[in-house]
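Step one of this worksheet: look at the structure below.
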């Protein structure tokens, strides 16, 4: 207490507010810790529940990743099995399923990445061209709506609409459902994703567009810019940083496709085109109980995603000075 | 990797993004063509988004034979509530409904209790450990243990086939926490903190009495995100729940909507042809979709005004 008073007396600014940061830095660490706890125990207490939940449900499973390098023995728990190194990774890389699930996963996710990136930008640029606030609000309200529908319902709607002969769309495509065709799974997935999330994902670009400096438009108009040029030289550069950030974040999920959605879309006929890494992990792990093998496949997936995220971030830092970390 | 720093993008309030007046004022001949193209494109987009939803609504109470032969297009034909009768008499749906309401309400309550205080503590610049804590939180968005390690953990924690598996593991969504943190960072004036300190309010008191009452926008947005997440959660039921009576609505929906049982018309329809049964099954499906999505659609107009705000708060900047 005496030390604290001395520190308080030493640095007092004009307004009489005590600034003892400098004095505090000079204290030995146990005293600094005591000071920190005394001042910040309420901050810690408020953050603690979230920290506990994140620790238990995110970090403990990370510790369980070692299962990928061990033979799993149920009676011995996570760490008890024999260390087998890369055995399960090699098993996956040499398995005939490897190339199939990789191709399917990349096909589905890359198409979603590209379409899901471009469509909201186009929609936002279009909506931004409307002058009436009411119409703007109406278009936004309508296009956000599908975002809140559950995956189960979306896939059910796809199934019903694509029913051959009787479905809303199916009646135009002959006697078999498009969903039964392995080659059509990916396009159906892309388009339904765009349909569901395009409006919602446009919000962030609309927000960026609403902050355009009006004088930029004026200046461009004086220079004789037409409407397309305003979009090209004012609107698009304005949303560019947002686009780059979202692209980087999406790169972090290059090998992640919506597990639920693909699983629900799967049927015996389309399986050659719809078995992806996530559903394969589920099948190997929880259907045939090869825990170590499934963990290895899951880890491989996570590592590739992580590598792409880092790579995209690095490139973007180099090229446009925009990055998420 | 430092945490992805997030900040409010525009200065203007989001609910009504103002249009740029000058664009409306000076009209040149070419603008009319551009206007027409833009309006036609947007009308098309709105139609493509709305029509499938509208079709489900009208098909759910039209004569199923008319629906399957393509006679139902814009308005319901030969109104008939047979599908809804079957839906409302199906006990599975009500069990699923009840379960999902319990999981969603309890889950969202816990989400808010855990997320808001943590987000606020981590929004305080003077709280130095926040950088490390936020880094450790953000890291989990990009790197996770995966399905099997999580499954084994839940098994050890006795969460398998237990209703708490819907509530505890997802108690905090890091993404939502970051959104809330940037809201607190940018929307609560620092002067309030100084004033509260002068008035002798503790940090807890400041949070509860000053900050929370000023945060209705972020509370509405987070509440909606979390609630929709719980309502639409299919994965948890699929992986961790075995007992039918504990299954959430989405699992029940999957059983009804995707199991493709042509005999769904029930035993009482012995006289019907396979075709009629198939048609009734489809009508039941349309009805189920409406009944299961209705709560979200009812909430939707009330919360809609917060959407722009919420997403803009989450606007990620470098």
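Placement of Cβ uses the backbone N, Cα and C atoms for every residue, glycine included.
Just so you know, TrEMBL annotations never went through curation; they're auto-generated.
Quantities reported herein were computed from a predicted structural model and do not represent experimental measurements.
As annotated by TrEMBL, transmembrane segment applies to B:36-61 (among others). Listed as Cβ neighbours of the transmembrane segment (B:36-61) (distance under 8 Å, sequence separation of 6 or more from its ends, same chain) are residues 67, 72, 74-76, 79-81, 83-84, 282-283, 286-287, 289-290.
Annotation comment: TrEMBL describes B:97-307 as domain 'ABC transmembrane type-1'.
Beyond its flanks by at least six residues, the transmembrane segment (B:101-120) meets 163, 166-168, 170-173, 176-178, 180-181, 183-184, 207, 211-212, 215, 219, 222-223, 226-227, 230-231, 233, 248 of its own chain at Cβ-Cβ distances under 8 Å. Under the heading transmembrane segment, TrEMBL lists B:101-120 (among others).
The feature transmembrane segment is assigned by TrEMBL to B:132-152 (among others).
Annotated transmembrane segment per TrEMBL: B:164-184 (among others), in sequence order.
Residues or ranges marked as transmembrane segment in TrEMBL: B:204-228 (among others).
Per TrEMBL, transmembrane segment is recorded for B:284-303 (among others). Listed by sequence, the residues of this chain that lie at least six past the ends of the transmembrane segment (B:284-303) yet keep a Cβ under 8 A from its Cβ atoms are 56-57, 59-61, 67, 83-84, 86-88, 93, 97, 220-221, 224, 227-228, 231, 249, 253, 256-257, 264.
Here the transmembrane segment (B:204-228) has long-range neighbours at 104, 107-108, 111-112, 115-117, 120, 173, 176, 179-180, 183-184, 187-188, 192-193, 196-197, 296, 299, 303, 306-307, 309-310, 313, meaning same-chain residues at least 6 beyond its ends whose C-beta is under 8 angstroms from one of its own.
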